[in-house]
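Here is what Swiss-Prot records for this protein:
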BINDING   Cys13, Cys49, Cys78  [4Fe-4S] cluster 1 binding site
BINDING   Cys147, Cys151, Cys154  [4Fe-4S] cluster 2 binding site
DOMAIN    4-114  domain 'MTTase N-terminal'
DOMAIN    133-370  domain 'Radical SAM core'
DOMAIN    373-443  domain 'TRAM'
Amino acid sequence: MKTPKVGFVSLGCPKALVDSERILTQLKTEGYQVASDYDGADLVVVNTCGFIESAVQESLDAIGEAMSENGRVIVTGCLGKDEDKIRQMHPNVLKVTGAAAYQDVMEAVHEYVPAPPKHNPFIDLVPEQGIRLTPKHYAYLKISEGCNHRCTFCIIPSMRGDLVSRPVGSVLEEAAALKRAGVKEILVISQDTSAYGVDTKYKLDFWNGQPVKTKFFDMCEALGQLGIWVRLHYVYPYPHVDAVIDLMAQGKILPYLDIPFQHASPRVLKLMKRPAHSENTLEKIKLWREKCPNLVIRSTFVVGFPGETEEDFQILLDWLVEAQLDRVGCFTYSPVEGATANDLPDHVPEEIKQERYERFMQVQQQISAAKLQKRIGQTMTVLVDSLEDEYPVAVARSYADAPEIDGNVFVEDIDKSTIQPGDMLEVEITDADEYDLFAKLIKIKSV
């Protein structure tokens, strides 16, 4: 009997990527092979995104391609919440499941492609850390599912439910397994990382025989004991985040915070129903930087939200200049089916959204460029992601750069025979542009 093969298409954010990794790990554990193309697959699983309309369309297109090339398709992920929409375009998909529905996906696979009856785990070993879709030297660590907030532009809670935190012992054991597998950097993700454990009332758990609370600070403190890079994403500026800044100042975890502020106008934040919108974020940023001077803050913003006036937008620009954030992403507001923001009055015309986006990015580019210029002459530790094919250059990142969303550090004039992805280098910064740094090698710190 030939080994059954399953094709896999993974779309969406890092949280969806982790869902894909878990499904692939289970498939491999049960003896399935992962097909490298549609033709060789007995069926195809498509993990979808449904956050904004462009992502919905990309997901529907991916389902269509899988149906055309293979014909046997199981759909999962955030868009799976809207089965009617999927079946309206692709009525012959085998099964539709929701986000993080690992067991439902496996049951559907079993129904259409039964697992091999005699799987030998010693022949087809699954690594302790599971199947990963990231490079070997970094990995995403998802600590919870869902969200308790009801931001008016977001439909994630309707897709993924309310906050459900993983037991901290499970989180820490996964992190330790990743380190044992050679991972140098862990990126902590969820819908609301700083709310971790709220739903469990900070339940006590155990790791390495020691009691640990299922709580944001306690988890970060324990992760800091691993001796590898720990990077925090999707953090809201709650008061208890202040204590984690102390861990950053002590060098326990990376001095890097990804905080989706989304806007600065109190009126717009109220329309968005953003959590912590009443916090004086500028004062908080100042306090954090006093505690940890090398702190890097990344954020994302939405311009052109319904009801946003020119005055609101100017408040945002002024805030941006004062905040001096290191890394910033910006999006024009896009209506999302099912979001309550669609019902708000005074939608902003597309041409004004675009004009505000361009003004926003122009201001932030100047800030980013000036901050990177100050790095010239500094010595930094960087993690190598890849080597350029045609040039003696290592593409790396410092503590200030998350993969894929931030800039890079290009280490020039290296001997490529001595360096590989996953190496830690000590470099001197020699130049900068709006987003990236350029450096020369001082020494290889670790391999």
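Every residue gets a Cβ built from N, Cα and C, even glycine.
On the structure: features taken from Swiss-Prot.
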residue: Cys13; record: [4Fe-4S] cluster 1 binding site; contacts (Cβ under 8 Å, 6+ apart): Cys49, Phe51
residue: Cys78; record: [4Fe-4S] cluster 1 binding site; contacts (Cβ under 8 Å, 6+ apart): Gly12, Ala16, Thr48, Cys49, Gly50, Phe51, Gly98, Ala99, Ile156, Met159, Arg160
residue: Cys147; record: [4Fe-4S] cluster 2 binding site; contacts (Cβ under 8 Å, 6+ apart): Cys154, Ile156, Pro157, Arg160, Asp162, Leu163, Gln191, Asp192, Ala195
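DSSP classifies Cys78 ([4Fe-4S] cluster 1 binding site) as helix under the three-state reduction.
In three-state terms derived from DSSP, Cys151 ([4Fe-4S] cluster 2 binding site) belongs to neither a helical nor a strand segment and is classed as coil. The 10 Å shell around the Cβ of Cys154 ([4Fe-4S] cluster 2 binding site) contains 23 further Cβ atoms across the protein chains shown. For the binding-site residues shown (Cys49, Cys151), fewest C-beta neighbours within 10 angstroms: Cys151.
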